[in-house]
Amino acid sequence: MLKRQYIPIVVTAALLAFMFAAGSFRYTGFFSLQVLLNLLIDNAFLLIVAVGMTFVIVSGGIDLSVGSVIALTTMISASLVQQQGWPPAVVIPLVLVLGAAFGWLMGAIIHYFKIQPFIVTLAGMFLARGLCYVISINTITIDHPFYTSMAQTKIKLPGGFFISISVVIALVVVAAAIYLAHYTRFGRNTYALGGSESSALLMGLPVARTKILVYTFSGLCSALAGVVFTFYMLSGYGLHAVGLELDAIAAVVIGGTLLTGGVGYILGTFFGVLIQGVIQTIISFEGTLSSWWTKIVIGLLLLLFIVLQRLLSARRQMQKA
Amino acid sequence: MVKHHLFWPLVMLGALLLFNLLYSPDFFSVQMRAGKLYGSLIDILNFGAPLILVAIGMTLVIATKGIDLSVGSIVAIAGAMACMTLSKGTDQNMLGLVLSAVGIALVLALALGLWNGMLVAAFGIQPIIATLILMVAGRGVAQLITGGQIITVSSSAYKFIGAGSLLTLPFSIFIAGAVLLIAALLTRKTALGLFIESVGCNPEASRLAGIRSRVVMIAVYMFCGLCAGIAGLLLSANVSSADGNNAGLWYELDAILAVVIGGTSLSGGRFYLLGTVVGALIIQTLTTTIYMIGVPPEITLVVKAFVVLLVCLIQSETFRKTLVHRFKTRRYPAEREVKRHA
């Protein structure tokens, strides 16, 4: 018998399978492994961001700054590599450290001054987006050989299929996050923190360290997603990844993570990202549908999953009572 | 006086205005041209009016410990709906048509507010999440209404709402003022304000005390939707066009910021309408100032980030305590010695 806690994740996976099957029946050329792989190629950065966001949401917080941190990362990379001539081997670790530091700072403010995560990360979002424009208000194109080769390299799979390096990075992040969430102390602490902060504190868990680390991890993920996004777009621009935080939150929720914290799976987030990708693919295959349908469908899916979660948790409470 | 809730917001607004006075002395000059007043101050009031409107609605929502992220989308939908209705008519200047366009847009905004309120109050979904749905889907709906295009209308009667002037002042100021007056009267001269604050403190306790918590919450979200709808009309009428994608973009964030600057705590239970208005004016003055100095307007975001952080830190009790503690414990060796042996 299926455990109740796995129901949302099974629903998500079934929905993904159903959508993919529906697309395959409706459009010729839809049912191929390459279409599935393209989902990963086009959404690698979203996947990485959503993984970091899953940790934050499981811990009971929220991080609105992720899209802006991506933009800032592309901007810093582009200006350092292109205008200052720094080697990518220095720039990439530097932006990763910067992203992590940014997350750490927000986490510290959230924890030590007890300000709502929503507001602090909102300020972080403004700050990162604004700093992009301080660097430059124009697009900076990157033509450094390392970045172009990272963008164009195709890793061949048997059967003539291919993936990009970004996909490998994203899958490694997902695997690492699954290990981190379910097999380490940090992961357990995060779930405990999201379940109830005061209980976690009374149990003697390191609440301060966990909370700050969660935001640091999200910042690191955003910066890594920014690096991947730079490979994808080959440019730095202040308007990159506008509204990506909403896509990431939507993917996490569709993946079955409770926004109240304490419940959720990285694998669910993975499916959530793929569902968003499938919606976009279906809309582009349909041709006559306009892009705004993506937003409406994602909104409806959000509603569906939130109501589903609500029903499940209501039933659990009924059983307890 | 320092304890008064309007003290810090007003100091901040004063400091901004003082900076402008020093930077460009003709900031405060107001000229009369063709029966209309012109000047930076008038501009701030005029362009700030939609933000004030949205922020007033947001204040009441935040007072019930909620939050409404969908206001930006409602702004876009209301503008799109009004312009769509107008552009379908034969004579765009006909008063009946303009009134029905405005009416349809406002009813739609109310309905969207009702939707948010139902999700929050009836289904018990967290406000951030419940309104996130409409925030994401709403932009799509707005584009659906406009067909993905920017709809322009040529109705002088409609344009009057956003760009007309009455008694030498922009008409939008009067709309914002009227809504503020109604909200203030309803909440401060009737028991409604008390109900809202009580629900914000503890909805369950309020319900047991005989307040219809759910009805109050739904009403508050509907009012917020209505305010956002009016703001959407002002914005689209000002430029005589509706842009489903960009109208009211980031308005939710500016409105929340205005509310927080105005001294209303995000944890609910207390609200200051006048504080919110001052907060909205601060944001608008900041934007105007930054345009005037000639820095790229995008840098406003950096300034805003620091303002948000500063305001939140000041509001945070822990932060104030740390500061006061630092200030009060002097580092005299003798004093430390006394403490150690005490």
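Backbone N, Cα and C atoms are what each Cβ position is placed from, and that goes for glycine too.
Quick look at what TrEMBL lists:
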TRANSMEM  A:6-23  transmembrane segment
TRANSMEM  A:35-58  transmembrane segment
TRANSMEM  A:64-82  transmembrane segment
TRANSMEM  A:89-113  transmembrane segment
TRANSMEM  A:119-140  transmembrane segment
TRANSMEM  A:161-181  transmembrane segment
TRANSMEM  A:212-234  transmembrane segment
TRANSMEM  A:246-272  transmembrane segment
TRANSMEM  A:292-312  transmembrane segment
Notebook entry, point to check: Can at least 3 Cβ pairs under 8 A be found between the transmembrane segment (A:246-272) and the transmembrane segment (A:292-312), with each pair 6 or more apart in sequence?
Noted result: yes
Margin query: Let me spell it out: take the transmembrane segment (A:35-58), skip the flanking residues so only those 6+ beyond its ends count, and list any with a Cβ under 8 Å from a Cβ in it.
Written below: 20, 29, 66-67, 70, 117, 157, 161-164, 166-167, 169-171, 173-174, 177, 180-181, 190-191, 194, 214-215, 217-222, 224-226, 228-229, 232, 241, 244-245, 247-249, 251-252, 255, 257-259, 261-266, 268-270, 272-274, 276-278, 280-281
Notebook entry, point to check: Hey, which bits of the same chain come close to the transmembrane segment (A:64-82), Cβ under 8 Å, at least six residues off its ends?
Noted result: 45, 49, 52-53, 88, 91-92, 94-95, 98-99, 102-103, 106, 118, 121-122, 124-129, 131-132, 135-136, 140-144, 147, 218-219, 221-223, 225-227, 229-230, 233, 235-245, 248
Notebook entry, point to check: Which one, A:89-113, A:161-181, A:292-312, has the most C-beta pairs under 8 Å toward the transmembrane segment (A:212-234)?
Noted result: A:89-113
Check: Can we call the transmembrane segment (A:292-312) and the transmembrane segment (A:119-140) in contact, meaning three or more C-beta pairs below 8 angstroms at a sequence separation of 6+?
Finding: no
Next item on the list: Report, as numbers and ranges, every residue of the chain located at least six residues beyond the transmembrane segment (A:119-140) whose Cβ falls under 8 Å of a Cβ in that stretch; write 'none' if there are none.
Entry: 62-65, 67-69, 71-72, 75-76, 78-79, 82-83, 102, 106, 109-110, 215, 235-238, 245
